[in-house]
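Record features, source Swiss-Prot:
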| type | residues | note |
| --- | --- | --- |
| ACT_SITE | D48 | active site, nucleophile |
| BINDING | H43, Y76, Y179, L200 | substrate binding site |
Amino acid sequence: MSRPRRRGRDIHGVLLLDKPQGMSSNDVLQKVKRIYNANRAGHTGALDPLATGMLPICLGEATKFSQYLLDSDKRYRVIARLGQRTDTSDADGQIVQERPVTFSAEQLASALETFRGDIEQIPSMYSALKYQGKKLYEYARQGIEVPREARPITVYELLFIRHEGNELELEVHCSKGTYIRTIIDDLGEKLGCGAHVTYLRRLTVSKYPVDRMVTLEHLQTLVAQAEQQGVPAAQLLDPLLMPMDSPASDYPVVNLPLTSSVYFKNGNPVRTTGAPLKGLVRVTEGEDDKFIGMGEIDDEGRVAPRRLVVEYPA
C-alpha cells in the first residue's frame, strides 16, 4: 500500500505575524498556511479577535517546538475603559455594570502596585482553559459559571502610560498564562469603578525582534509580486521565516559530532562534553551546527532525545 502523500510544502520555520484586529488567531493561521502552501502550521498562544500584534506562526517541523514559546514571557500595550464592566472583560462583551470613576492618582498608583510581581489570578470564564474537557468560554456562552482555581503568574513590569478621563493606558510585561483582560477587570474592581479592555496589542513574545513582524497584506503583496516577476512565491516568502529552533532559543546548545548524532536521532541517549548538569537543551550536529531536536540531560549526564526533527526526502 502506497504511503499517503502529504499536502503542501515541507517548509519549516516561524513567521512573526502582526495579527490584525477582528480576526481570530485560527483564521489568521489558516490564511498564512494557505499563502505558504505549508503542510503543517500552528500558532503559539492565541490572541483574542479584538487584539493585534505579534503572533508567532510555526510551519512544518517548527510546530514541534511551539510549546517552548507558550512558556515564554510577553509584553502588551492595553487601553482600558473605566466605569464600565463587561461580561467578557473586553469591548466585545455586554456591559453588566456602570459606576462613576472617582479614584485619585494616589489610589491608582496603590492599586497598580498590587498587580506587580508574583501574584495569583483567577482566569476569566471567557478563556480557552478547559474544565472537565470543555473550554470555559463554551460554558460561559451557555450562562454557566464553573469553579476556577487561582493560578500563579508573574508581572515583571506594569508601566503607567496615561490616564485621561475614562481611559487608562498601561504596558504589561508578564509571564505565561497571564490574562490581560483579567488584570484590567480586577483592577477596575479594586478601583471601585469597573473596567474593560478596549485595545490590546501584543508587543513582543520572548526575544523575537519586533522589526521582523509582517502583516497579512504584506504577504499577499509578495505573492502578487512573485506572480508578476514569474518566480515562485516561496522565493519571496521564505526569507521572512525565523529558524525552526527559534522557539527554544532560551535553552543552551549542545553540539554533537556526527558519530554521536546518528545514535541520538535514532532515539538513544548519548554522552557528550560541555553539557549542562540538567535540564532541556537544543541539540545540533556537526561543524555547521545543524539543529536536530531538543534533548534533556538524564541522571547519567547523557543527552536524551525529547523532540526530534524529521528529515523528509526532497
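Note that Cβ sites are derived from N, Cα and C of the backbone, with glycine treated the same way.
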The residue listed as 'active site, nucleophile' and Y179 (substrate binding site), Cα-Cα, nearest whole angstrom: 11
Euclidean distance between Cα atoms of the residue listed as 'active site, nucleophile' and Y76 (substrate binding site), Å: 13
In the chain carrying H43 (substrate binding site), residues 6 or more apart in sequence that have Cβ under 8 angstroms from it: S25, N26, V28, L29, L55, P56, I57, C58, S66
Among the substrate-binding set H43, Y76, Y179, L200, as the record gives it, the longest Cα-Cα distance in Å: 18
Y179 (substrate binding site): tally of other CB atoms within 10 A of its CB: 21
Chain-internal residues near the residue listed as 'active site, nucleophile', provided their CB is under 8 angstroms and they sit 6+ positions away: D90, D92, R181, L200
